[in-house]
Amino acid sequence: AGATFFSVWGFFCTTLLAAKVKHCVFPPSGEARVHTEAQAGPLYRVVDSRLSISCNVSGFASNSARKEFEFRVKKPALPIEINIISTDDPSFSYAVYARRVRSKEITLTHVSPNSVVFEIQRLEKSDEGEYECFVINSESVYDGVYRAKTTVKGKQSPLCFSPTTLQEGQELLLSCSIQSQALEESFFSVAWLRGGVELARIGPTGILSVGPEYSARVKEGELRAARTAAGDYSLILQPVRTEDQGEYICRAWPQDRGQDGGFTEGAAHDSSSKRVSISPTGQHTYSTFISVKEGCRDDDIVNSNTMPHFSRAFFKHTLFHCLITESGLSLQMQNNVSVNESDTLKLTCKVHGAQGQLSVTWQHKAAATPTAAFASVVSLNQEGVMEKAAELKSRKVKATRAAADTFILELDEVTPSDSGVYQCAVSEWKINSKISQSRTANVTVAPTESFVNVKLISRNNIVSVGETVELICRIRGLNVPATLTWSLQRDASTLDNILTQYSDGSISWSGEQHRYQLKVEVKEYQALHYLIINGVSHREAGRYQCGVSVFLDNVHKKLPPSNPLAVNVQNPVSKLLLTSTSARTSNINTDIEITCSVALSSSASSCYAVTWLLRQPGENKTIISSDRDALLTYGSQLELSYKQRIGMKRTVGPTFVLGIRQAQISDKGSYICEVVEWLQDPQRDWYQLSSASRTIELTLIEPESKLEIQNVSTSRDFTIPCHITQQSSGDSEFQVTWFWRQDTETEQRPIFTAYRNSTLQTFGKGDRLRFSHPLPNQFNLTVSNSGPDDSGLYSCEVEEWLPSLSRGWMKTTVEKSGYSTPECDSVKWVAILVTIVIVTLFVIFVLLLKICQNKGEKKAEQSLWTEQHPLQAKPSGDD
């Protein structure tokens with residue numbers, strides 16, 4: 001019932017309110033970059049009218065890149081979000097809206113890369129709710145507001161249309177009434193249409209305009225239209241003709257008057273269609289004039305009282321229109337046809353009530369020139385001979401008669417220029433007569449870019465060096481062979497083509513062919529083109545796009561490219577691990593080595609760049625660095641003398657050694673070993689991983705000289721030992737000098753020197769001095785045959801020498817011993833000799849006395865030896 005009474009009341013009332021309200025901006029919090037705007041609400045629309053909601057976005061990094069939008073609705077009775085339509089995914093719709101989306105009743109159309117228009121052709125009461133426009137973020141970060149909402153409310157209000165039935169020549173009155181609460185303040189445009197073709201229109205200021213087919217009838221006064229009252233409009237056709245019969249509708253547009261006096265047209269609203277029947281008695285006017293001849297009776301012609309006014313004028317001449325019984329010829333054809341570019345347009349024209357032979361002529365009027373006359377496309381005569389228009393000789397067009405009552409027009413590979421009004425003109429041929437009827441259809445050819453969707457996606461667009469990247473170019477809605485081009489934009493450079501895959505299967509490579517692989521999967525509604533990058537390197541990082549072009553109308557037509565997709569190539573996570581001692585303490589004037597070793601690396605083929613830094617209070621400086629090719633570079637802040645003491649080497653492990661020769665107190669501080677690991681990518685380009693470092697705290701001390709000398713006094717031959725109890729380094733060498741002075745003297749004199757190169761020098765008493773070096777830290781000087789003149793104070797002086805790279809051997813320490821005082825007195829020596837002689841004589845006397853006592857005891861005792869018998873001499877032979 002709601003479809004019978006067309007309503008625009010709610011729409012017209014709210015249009016006046018909405019005219020004063022601009023687009024509603026949903027501002028993001030803070031300093032957001034992306035802003036999404038939708039039409040302000042609530043929007044009041046009449047049921048069965050068209051709903052239109054605009055939505056746009058700003059703030060993306062690329063203003064020219066096409067943005068993808070989605071629309072959802074949340075209804076009052078069911079407060080959950082329901083997917084309606086998406087520019088990105090044809091399968092986005094929930095089942096409740098899927099049929100209306102497929103039938104194009106609900107559309108979402110781009111008007112620019114950053115804005116869309118959402119439309120519902122016939123609003124239903126159940127479409128009320130809160131609509132959300134959501135823009136899909138194509139960037140790697142979120143910064144702003146990506147959705148906007150508005151509310152839609154439906155209203156019922158009837159638009160009245162007065163149909164009628166009458167005979168030819170009578171007056172046809174078509175009245176259209178608009179019912180609204182604000183008729184006096186509202187402006188409307190009202191038009192009458194028959195079979196989809198506009199007859200006349202009354203503008204918001206009351207000016208009448210008519211279509212080209214009725215301009216002559218306006219001049220003759222046969223067509224009149226006016227606004228009779230607020231909301232009431234009338235169209236009068238008098239006298240009415242048989243060709244005026246058909247399906248009529250009344251269409252109204254609300255008009256919003258701006259401050260400049262101009263009008264902005266709102267959405268159109270149609271009444272329900274009504275059929276107007278003319279000449280129900282079956283009479284028809286032939287287009288052939290015949291002559292009055294003998295035998296033609298008056299009643300064969302027409303009663304003058306029933307003849308239309310305009311026909312009476314012909315009785316003054318020898319020719320007149322002859323009214324005979326109508327054959328009943330009528331046509332049927334679809335009113336609106338949509339077809340995609342490059343598809344085949346097929347129009348069917350069905351004939352009813354034909355009795356004679358039929359011919360058909362198909363005609364076309366371009367949409368860009370609606371006031372122009374129809375141009376012939378193709379014709380089919382009574383004998384079935386087809387004739388194409390000269391302008392279409394090169395086109396694939398044909399007219400066929402599929403059945404006795406069915407004519408078909410087929411036009412292959414249509415283009416948007418083929419859009420417009422197509423007319424099927426059928427003629428019924430009889431002897432000396434021809435009856436013609438025509439029907440029209442509005443044909444819309446959608447350009448390829450409007451229904452083909454090209455999108456670039458990837459499952460892994462963030463990868464590490466050496467991994468594999470798989471990009472998928474998804475093409476939907478294209479049913480003709482296409483050429484695909486892959487492009488890459490590095491940094492801010494221009495877009496470079498990688499390769500082109502032509503429609504015949506051939507490939508043109510612009511880059512390194514072995515880096516890429518191609519794969520194609522064709523499915524029912526889409527084609528998936530894969531670009532596989534094996535062993536990705538930093539050279540392959542950037543923004544990828546796939547572009548599609550098709551060969552239509554003898555030219556290559558480029559379609560809008562896909563969305564850009566960034567491929568980020570990252571370095572793998574470094575596994576580098578260093579080891580070293582955390583602290584070290586050494587003496588100055590010594591050679592120091594600080595080591596830093598690689599305990600764990602990311603690859604066995606890694607190379608390393610090493611930098612040694614010194615951090616001291618208030619100062620950080622680079623000492624020395626070695627790149628991955630082992631090229632050494634000294635820090636710019638180092639002095640020449642310091643550079644001469646610094647060196648670096650690598651050993652197995654690898655281990656990095658920093659050498660400091662003759663360390664000085666100023667060399668102390670925190671030494672940082674910073675190592676960068678370098679690897680080669682599949683392109684043989686070097687790239688570095690994150691660095692690792694170790695800190696070694698170096699403490700340097702100035703050792704105290706602890707040369708201790710032990711003094712020993714002797715009597716006759718005395719030795720003056722010089723014992724070194726502690727030394728600065730194991731590499732030290734010593735020069736030792738002995739001094740002597742008498743007790744009464746203040747100045748000591750050198751008597752002997754042992755140089756560090758084992759050279760000896762005496763300064764007197766040379767024949768009585770003996771030098772010995774029994775131990776590395778023990779030096780002895782012995783004075784032989786000492787006498788009273790050798791008495792005095794003896795001491796030794798030791799010089800410690802250490803090697804230096806810059807100055808050779810260097811004396812570092814001089815230390816003197818204490819004094820030794822040998823005494824050489826003659827009286828003392830005599831007393832000693834006398835005592836020794838007395839003791840010796842006493843010992844001899846006691847020994848002699850003991851011997852004599854033992855002999856006396858032996859004579860008194862029996863001998864313990866065996867009896868001794870004197871030896872008898874053996875007589876000789878002479879005796």
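Every residue, even glycine, has its Cβ placed from backbone N, Cα and C.
TrEMBL: automatically predicted annotations, no manual curation.
Given the structure is predicted, the values throughout are model-derived calculations rather than measurements.
Record features, source TrEMBL:
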DOMAIN    158-252  domain 'Ig-like'
DOMAIN    308-444  domain 'Ig-like'
DOMAIN    447-549  domain 'Ig-like'
DOMAIN    572-699  domain 'Ig-like'
DOMAIN    703-806  domain 'Ig-like'
REGION    260-280  region 'Disordered'
SIGNAL    1-18  signal peptide
TRANSMEM  829-849  transmembrane segment
Check: DSSP says what for the region 'Disordered' (260-280): how many helix, strand, coil residues?
Finding: 0 helix, 10 strand, 11 coil
Item checked: Summary of DSSP states over the domain 'Ig-like' (158-252), given as helix, strand and coil counts -> 11 helix, 50 strand, 34 coil
Next item on the list: Averaged across the domain 'Ig-like' (447-549), what pLDDT does the model get? Just tell me the whole number, please.
Entry: 87
Margin query: Looking only at the domain 'Ig-like' (447-549), how are its residues distributed among DSSP helix, strand and coil?
Written below: 10 helix, 58 strand, 35 coil
